């Protein structure tokens, strides 16, 4: 019985174990089921979320891809902000044919001042180890030891007369503390209509510069991208003052931009009294920046802009928290000759794509195909348009309504445009700086010893006209030895990514400088190339250089530089000849005393000989010997004669040099300097063609 009880107990225990095991398995299965269900639900949620259609506004796109517009980092953002404001100011003044007068101020703002501006109270640190610039005792000891070794090495170098290096600046691990700057740009240009200011500055990809024409801007963003960067880095709005000619009020607007909606957010928009009748615009924005890293780029930009726009006056000021770091530079105006205003032009048939053809059709006011071809494109006359329509096929006629064209017909038009022959577009719509302005700008800023300029005739690349202007200078101030290359596209300086640019590669690899008597390593050579076009073929996302793979542009740049080199070669050769002539004259004058002394000694010995022993001489020789004996002819006499002869030869060579240089062919005009006091004994008889002066 006990055994049976034991067996029963064992059996019951076994059953309980099985039941527990099955319960555990069921629980695990249930948990696994829940896990799978949760995973499936998560996957469905992810799929549903990924299937949602999202949109980004243009402002949001450029905010997330700010490097495209030149806002890679705080330093370059400061440079790009200043550049955009300056170029807008130039465009504004030139649009009303006003000589630009532009003032740029970059003011450094300390962290405490910035916090006060935004109403933020400075807070003392509580947990020092939380901050990136925290330095432990061990790290501090290590740094001080390293600095001591560096100072010891520098002291030894100084004692030995070697170059002493500056101590390296300490670098933090992270971004460090931000630096803020107020950038202000004031001009005397057109100004902006009061009601248009919010949309002109607070809505990305809206403006007045869109169309087929030569423009300074690369993206059409201008100050709008500076406002986006301000929104991202400081959160502060932009302030605008503007007034147009004839207005008795100044428009004041304080606004920022709604990044997600791409619409302006206006804080204040009002009219103020304009007592001085000022016209133009003044923009002020506060951004994060870095003056230290991009100081040289900003100053180089201003100097190069002063070269290409000598008709403009720039006043640049940097205001630091430390007065000893303040900087003021004025780039004075040198001429009042301004380039013509760029004209908007029509598209060349060979430069359009299918999408552009569709847009032109949707915007045209012309009804039939003949009128559309004749009026919406350049270089298509009526007869040419009729020939093109006849070539398109039986489905086309001169009276075909352009709005009714099918997609297949549009493709046919596009294909014919790519295959047909058209005259090249003219460069009348372009606005180059001009040789005169380029030369004046180079002379004004560099003060070179020699300068040559050349402007090419209009040429074409992919249906877009372009003009290349070049200048080369030798010598000058603040110019390094070797090649100093200054690049311009649509009259704005290009400072970044120089190595891959067509201008740089042409100057370095395609010009044999030595054949033009120019020493590429030792001479101070300034190479200036400006390319203007309705479409600059920039490379890279930042549009900082023009590619070297465009044969038409590379050939035009090389030709323009060679023309400048040829001009310089003739000048250099003439200078070398003049220098050789001066050296020859100096060397001859150096030997005159010795030659005169030798001649005098020889003649003295001959004169001392008795007549029977002396050879028979001509009468003139005998007279000379007698003068030597009587000391009527001395060593100084021969010196004077030789000096006079050298002067005569030098004069004849200089006259021949002048005649070869064409100086004698230039018109000459007599100039008279008369005292304001006193009377003169002559009479002038005036005639339309001459003045006859009678001097008694």
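Including glycine, each Cβ sits where the backbone N, Cα and C put it.
Note that the coordinates shown come from a computational prediction; the quantities given were computed from them, not determined experimentally.
Listed ranges 1-36, 37-72; the one Swiss-Prot annotates as region 'Disordered' is 1-36. Under the DSSP three-state reduction, residue 221 (ATP binding site) is assigned to coil, being neither helix nor strand. Around residue 221 (ATP binding site), taking its Cβ as the centre, 23 other Cβ atoms fall within 10 Å, counting all chains.
On its own chain, residue 223 (ATP binding site) has 84, 85, 88, 201, 238, 283, 285 as residues at least 6 apart in sequence with a Cβ closer than 8 Å to its own Cβ. One residue stands out among the binding-site residues 88, 543 for having the most other Cβ atoms within 10 Å of its Cβ: 88. DSSP assigns residue 543 (ATP binding site) to coil in the three-state reduction, placing it in neither a helix nor a strand. According to DSSP, residue 88 (ATP binding site) sits within a helical segment.
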